[in-house]
Amino acid sequence: MKSALMMILACVLAAAGTSSVAALFSINLSLTLDFYASTCPGAAAKIKEMVDEAVQTETRMGASLLRLHFHDCFGCDASVLLDDVLPSFVGEKTAPPNDNSLRGFEVIDNIKTEVEKLCPGKVSCADILTVAARDAVVALGGPSWQVPLGRKDSTTANFTDALASLPSPFLDLSQLVTAFADKGFSTQEMITLSGGHTVGKARCGLFRQRAHSEGNIDPAYAAFLQSICPGTDGVGDDNLAPLDNSTTTDTFDRGYYLSLVGKKGLLHSDQALLPNGGSSSTQINTYNSFLLGSVSFFTDFSNAMVKMGKLTGPAGNVGQIRTDCRRVN
């Protein structure tokens with residue numbers, strides 16, 4: 001039932017478009033690379049140490065931290081980390097794109113605890129999450145990039161915005177282009193950021209329709225997915241399949257794009273980037289090229305992540321430095 005509800009909500013949002021929320025985001029121009037140079041110089045090393053440890057313990061956690069950051073941005077203010085305080089406050093964790101889906105909150109909690117010991121009240125949860133996402137990608141074999149810092153933690157969260165702002169896994173290409181354009185991203189950047197699906201897994205409820213009803217899917221791959229995800233709604237909804245069907249599902253590389261060429265994109269929105277498979281996308285062809293593919297994808301992904309990390313809410317970079325990432329001070 002929950003997966004059916006998510007699909008209905010996603011289709012409603014897709015039909016309505018996302019232009020109504022475009023004005024809710026702007027670029028944070030106050031960030032700097034050396035923001036903690038004097039106030040907490042050991043923060044970066046501590047974050048990396050703890051992310052490395054978390055990924056070594058559970059490889060999947062690397063993808064979970066990247067996804068947690070993605071769902072916090074378009075806003076990048078740690079609003080996604082806030083717990084509900086019922087009945088007075090409903091945050092973003094229970095919004096359909098996040099509920100029973102996002103992971104890694106405990107890792108961020110643990111990092112925050114250790115960073116607070118180093119430098120009490122100095123490093124925001126939003127910055128910790130942004131740096132942790134970068135370090136998670138590196139831990140999985142992906143690129144590194146410089147992370148501008150100085151974000152504040154939001155003192156509120158918005159269930160409705162979380163529902164409306166995050167691209168649905170059921171969107172077609174034109175809808176994906178619009179959803180990302182509303183946040184200032186080009187079609188090329190959208191395709192690049194989608195490459196984050198080279199790691200991680202998705203639940204059956206998100207790919208059941210693709211596995212059982214869509215035509216632009218490799219038959220053997222469809223049969224494999226059907227063995228994991230029965231066609232009956234509510235049966236096996238939490239069964240998992242890797243987003244990248246290549247042989248390197250736990251490595252951050254260009255394998256995701258190779259899957260698309262073979263019509264083995266897991267989600268509808270994945271295969272939407274290359275609806276007919278083959279080699280109809282110049283950008284994806286470049287990423288799949290033997291000589292330049294990895295370098296090109298890593299460079300583009302790094303640049304797009306820096307850009308995404310600079311998004312902020314309509315009021316700009318305002319808020320606080322939470323002592324506990326789950327609640328306001």
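Glycine is no exception: its Cβ is also placed from the backbone N, Cα and C atoms.
Sequence-distant contacts of His71 (active site, proton acceptor), defined as residues of its own chain at least six apart whose C-beta falls under 8 angstroms from its C-beta, comprise Val80, Glu92, Pro97, Asn98, Leu102, Ala162, Leu166. If you look up TrEMBL, you'll see His71 marked as active site, proton acceptor.
When Cβ atoms from all protein chains are considered, those within 10 Å of Asp72 (Ca(2+) 1 binding site) total 29, not counting its own. Feature annotation from TrEMBL assigns Ca(2+) 1 binding site to Asp72, Gly75, Asp77, Ser79, Glu92.
Cβ environment of Pro167 (substrate binding site): Leu176, Ala179, Phe180, Ser269 lie under 8 Å away, each six or more residues apart in the same chain. Residues annotated as substrate binding site in TrEMBL: Pro167.
Residues annotated as heme b binding site in TrEMBL: His197. The local packing around His197 (heme b binding site), expressed as other Cβ atoms within 10 Å of its Cβ over all shown chains, amounts to 27.
TrEMBL lists Thr198, Asp244, Thr248, Asp253 with the feature Ca(2+) 2 binding site. Within the same chain, the residues at least 6 positions away from Thr248 (Ca(2+) 2 binding site) whose Cβ sits under 8 Å from its Cβ are Thr198, Gly255, listed in sequence order.
For Cys40 (disulfide bond), the same-chain residues that are 6 or more apart in sequence and have a Cβ closer than 8 Å to its Cβ are Val115, Leu118, Cys119, Lys122, Val123. Residues annotated as disulfide bond in TrEMBL: Cys40-Cys119 (among others).
Here Cys73 (disulfide bond) comes close to Met308, Gly309, Leu311: these same-chain residues lie at least six apart in sequence, with C-beta atoms under 8 angstroms from its C-beta. Residues or ranges marked as disulfide bond in TrEMBL: Cys73-Cys76 (among others).
According to TrEMBL, the feature disulfide bond maps to Cys125-Cys325 (among others). If you take the C-beta of Cys125 (disulfide bond) and look for same-chain residues 6 or more apart in sequence within under 8 angstroms, you find Ala78, Leu81, Ile108, Lys112, Asp153, Arg322, Cys325.
Marked as disulfide bond by TrEMBL: Cys204-Cys229 (among others). Sequence-distant neighbours of Cys229 (disulfide bond) (same chain, 6+ apart, CB under 8 A from its CB) are Cys204, Phe207, Arg208, Ala211, His212, Gly236, Asn239, Ala241.
The annotation domain 'Plant heme peroxidase family profile' is assigned in TrEMBL to 30-329.
Other C-beta atoms found within 10 angstroms of the C-beta of Arg67 (site 'Transition state stabilizer') number 22, with every protein chain shown included. For Arg67, the entry in TrEMBL reads site 'Transition state stabilizer'.
Residues His71, Cys73, Cys76, Ala78, Val80, Leu81, Ala126, Ser154, Ala157, Ala162, Gly313 surround the recorded Ca(2+) 1 site, their Cβ atoms falling within 8 Å of the Cβ centroid of Asp72, Gly75, Asp77, Ser79, Glu92, which are themselves excluded. Of the recorded residues, Asp72 (Ca(2+) 1 binding site) and His197 (heme b binding site) place their C-alpha atoms 17 Å from one another.
Summary of the Ca(2+) 2 site environment: with the site residues Thr198, Asp244, Thr248, Asp253 set aside, the chain residues having Cβ atoms within 8 Å of the Cβ mean position are Val199, Ser246, Thr249, Asp250, Thr251, Phe252, Arg254, Gly255, Tyr256. Residues near Cys76 (disulfide bond) in space but far in sequence (CB under 8 A, at least 6 apart, same chain), listed by position: Asn28, His69, Ala126, Thr130, Arg151, Met308, Gly309, Lys310, Leu311, Thr312.
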